[in-house]
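Data first, discussion second: the structure below is written as structure tokens.
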Amino acid sequence: METLSRLLVFMSLFSGLVSGFALQNLPITSFEESYTQLFGDKNLFVHQDGKSVRLTLDERTGSGFVSNDYYLHGFFSASIKLPSDYTAGVVVAFYMSNGDMYEKNHDEIDFEFLGNIREKEWRVQTNIYGNGSTHSGREERYNLWFDPTEDFHQYSILWSDSHIIFFVDNVPIREVKRTAEMGGHFPSKPMSLYTTIWDGSKWATNGGKYGVNYKYAPYIARFSDLVLHGCPVDPIEQFPRCDEGAAEDMRAAQEITPSQRSKMDVFRRRLMTYSYCYDRARYNVALSECVVNPAEAQRLRVYDPVRFGGIPRRHRNGKHRSKRSRVDGTESI
């Protein structure tokens with residue numbers, strides 16, 4: 001418990017850092033001016049200030065909303081408080097997509113929050129793909145250094161033409177740099193911002209072992225501090241209407257600083273539980289954008305030597321420490 005507290009303090013000391021510009025200076029948009037309800041009827045509720053939204057999943061339906069504009073690059077953020085108690089099978093998603101415009105070759109940049117059985121933590125999954133390349137998954141999964149059901153925490157996506165960075169409470173947790181070999185697999189078409197809650201019983205918790213139990217419904221996810229800071233664009237003409245301030249921010253946010261990278265490395269070494277870059281059972285050769293970090297690779301090999309080390313399952317020793325002990329972030333820093 002002491003080492004977990006130390007990790008919490010360590011991460012919070014640097015939570016004010018955002019690549020290239022100060023997040024606290026970005027304007028917060030109201031629901032009425034920037035978003036439209038996607039589905040869910042009365043399961044979406046906008047609070048009186050117009051700047052906080054409640055999404056509900058019950059026996060009837062989930063719910064969600066989408067930005068009015070498409071964007072070609074930008075910084076997108078929301079403070080989110082996740083449902084508590086038994087949440088197995090529940091998926092809360094905060095993501096960019098253009099699936100409504102490009103049904104067969106759409107792009108996505110995803111934050112997905114995967115519920116769990118009682119007394120087990122929510123897990124966070126990030127993913128990207130372009131041109132409908134869902135067969136080439138680029139997923140990563142993580143635990144968090146806090147309980148996301150107790151209070152609001154900030155989740156952010158920075159998307160430029162050269163890279164994508166995911167943030168949790170302003171701490172960078174993942175960077176994807178565009179490579180020539182990626183081709184159309186890097187998201188490059190205008191996208192809208194989506195926020196949803198829905199029933200993912202078939203896959204979200206332990207591969208579908210545990211589904212949504214509506215005895216615990218309604219499941220309520222709360223959102224505030226919604227930020228859309230980017231270049232709105234006509235999805236057909238793809239000509240951006242980008243103000244100079246947003247354009248300057250994108251130019252300034254091209255690289256993670258050495259200090260930020262150090263904090264990202266701490267997060268990934270302690271709290272990452274899956275990365276496609278190290279999944280030898282899935283990809284014999286890592287994809288072109290993967291930068292192999294020896295510390296990350298070693299930790300994941302210890303966690304699952306079959307998946308991350310390429311060791312045949314019949315060679316595994318039957319006695320191992322529990323998976324939880326390896327992924328809960330309580331190791332010494």
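Placement of Cβ uses the backbone N, Cα and C atoms for every residue, glycine included.
Cross-referencing Arg282, Arg299, Arg301 against the xyloglucan binding annotation in Swiss-Prot, which names Glu112, Gln125, Thr126, Asn127, His135, Ser136, Gly137, Arg138, Glu139, Lys202, Trp203, Gly207, picks out Arg282. A C-beta separation below 8 Å, combined with a sequence spacing of at least six in one chain, links Glu112 (xyloglucan binding site) to Val91, Val92, Ala93, Tyr95, Val124, Gln125, Thr126, Asn127. Averaged across the domain 'GH16' (21-223), pLDDT in this predicted model comes to 95. Per-site Cβ counts within 10 Å over the recorded positions Glu108, Glu139 peak at Glu108. According to DSSP, Gly137 (xyloglucan binding site) is assigned to coil rather than to any helix or strand. In this structure, the CA atom of Glu108 (active site, nucleophile) is 13 Å away from the CA atom of His135 (xyloglucan binding site).
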